[in-house]
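The CoA binding site feature in Swiss-Prot is assigned to Gly305, Val306, Gly307, Ser308, Val309, Asn420, Gly424. Look at Swiss-Prot and you will find Glu330 tagged as active site, 5-glutamyl coenzyme A thioester intermediate.
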Amino acid sequence: MSKGIKNSQLKKKNVKASNVAEKIEEKVEKTDKVVEKAAEVTEKRIRNLKLQEKVVTADVAADMIENGMIVAISGFTPSGYPKEVPKALTKKVNALEEEFKVTLYTGSSTGADIDGEWAKAGIIERRIPYQTNSDMRKKINDGSIKYADMHLSHMAQYINYSVIPKVDIAIIEAVAITEEGDIIPSTGIGNTATFVENADKVIVEINEAQPLELEGMADIYTLKNPPRREPIPIVNAGNRIGTTYVTCGSEKICAIVMTNTQDKTRPLTEVSPVSQAISDNLIGFLNKEVEEGKLPKNLLPIQSGVGSVANAVLAGLCESNFKNLSCYTEVIQDSMLKLIKCGKADVVSGTSISPSPEMLPEFIKDINFFREKIVLRPQEISNNPEIARRIGVISINTALEVDIYGNVNSTHVMGSKMMNGIGGSGDFARNAYLTIFTTESIAKKGDISSIVPMVSHVDHTEHDVMVIVTEQGVADLRGLSPREKAVAIIENCVHPDYKDMLMEYFEEACKSSGGNTPHNLEKALSWHTKFIKTGSMK
């Protein structure tokens, strides 16, 4: 081989070596930048240096949860709930041969990775206070899971007074931890403050997918136990009375897990013609109330349940003539965010923000704008009857069924099968200035009438229910006798397929039994038994 060829090959090797060295250097630089960025993120998210030493994997944190524990989690609806530790616990339990059970406390419903997967894995012994998951519902209705369905505003006091067992360990999602070891909550507050205060240990999930700009939305204020309880100093929906963090302290935090997963909120269905008709009827009623001087021009603070009908009603307010509105509610969904964006709402107070997957990018993009209009509170404050009565809430919630005297069933299908739970509807219904329940007049393609002679389960009595709205019309029950209520509901709210049947029942009951609230007890629940036997109430 000639000397020239050797020199040429040597040069090529040197060039390759140089290229390799450059690539290695680039990788080192990139790695350094990643490490530097990670350190910067950690510093912003975990501002207490000693607590940075408590960062562990989700698997390590899950090992801290023991069989028989009372486990409490943050969040309210699929917002602000822990994402990774619950998954790790499911994986751990599925690998075990022996039984592993916990009692689960939440604020409200939660993510499917908890309610759904834990139910399927047989992890949950007892569940309090509310759920919306189909797997959980199945286990509740077959008796596998003991379910205590309670008014959401009661939960914190039950824990504070040890009416229910104390919390062993709380798993809390956070935006950040402060220098003092306190927690900046994310999109769902719920019972977080109460859980943290009462838990022996706290696992914190720092979720980098939750924007740091969420800091400042929370207004954390907790109540003293009676007899030392003081009036809550809220006189309008926008009042801030607490802190922007949940008091914890670094000693109580036993583990920190870094996550990067967005809330898996539910997509909202399109507004159906029936939902739109309910919305139109309700807004027409509110307009009439303003014209008659029963409501101010900007209404009173609005509380609304969740779902397509509620969304349609609130969406209708965007197209209405109302302005300078306020909301004092639980869940802030798309329609409330849109009320803010369209300039109709000045302030919205709730305990969680639960935008649909379609609305989430817009919320994040405009988060600084929304932060000036939104207040997130613990649910014992967002759902507090004292405040609802003081500020005069307009409460709008959904009924499963209503009877001719205005009693409402919100929870049980055919009287026995749990659907979701009472949630916060009872917190507001008895204490609101105006209590409205909406429902479609029929279900199951017309085989079920949502207005029946007697409800198969009672969540809200006739004494709490003021107005019923269906796509057929509005029944204003205020100041009416039971017999007058029956006529108003049958004439205004019942589907044509069932109107004559209901009037026939009512007239027969008046003749056969009479009384202030006439019922034929032999036939009062016959519509339900007929459906169970034949598949139709007709």
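Using N, Cα and C of the backbone, Cβ positions are placed for all residues, glycine too.
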For Asn420 (CoA binding site), what is the secondary structure state per DSSP, taken as helix, strand or coil? coil
Can you tell me how spread out the CoA site is, meaning the largest CA to CA distance among Gly305, Val306, Gly307, Ser308, Val309, Asn420, Gly424, in Å? 17
Rounded to a whole number, how many Å is the Cα of Gly305 (CoA binding site) away from the Cα of Glu330 (active site, 5-glutamyl coenzyme A thioester intermediate)? 8
If you run the three-state DSSP split on Val309 (CoA binding site), which class comes out? helix
List the residues of the same chain that sit at least 6 positions away from Asn420 (CoA binding site) in sequence and have their Cβ under 8 Å from its Cβ, in sequence order, or write 'none'. Ser109, Tyr130, Gln131, Thr132, Arg137, Thr411
Would you find the one among the binding-site residues Val306, Val309 whose Cβ has the most company, meaning other Cβ atoms within 10 Å? Val309
How many Å lie between the Cα of Gly424 (CoA binding site) and the Cα of Glu330 (active site, 5-glutamyl coenzyme A thioester intermediate)? 8
For Glu330 (active site, 5-glutamyl coenzyme A thioester intermediate), what is the secondary structure state per DSSP, taken as helix, strand or coil? coil
Relative to the Cβ of Gly307 (CoA binding site), which residues of the same chain, six or more apart in sequence, are found under 8 Å away? Thr398
Let me know the most crowded of the binding-site residues, choosing from Gly305, Gly424 and counting other Cβ atoms within 10 Å. Gly424
Can you tell me which of the binding-site residues Val306, Ser308, Val309 is spatially closest to the residue listed as 'active site, 5-glutamyl coenzyme A thioester intermediate'? Compare CA atoms only. Val306
Number of Cβ atoms other than its own within 10 Å, given for Ser308 (CoA binding site): 17
Around the Cβ of the residue listed as 'active site, 5-glutamyl coenzyme A thioester intermediate', the count of other Cβ atoms that are within 10 Å: 30
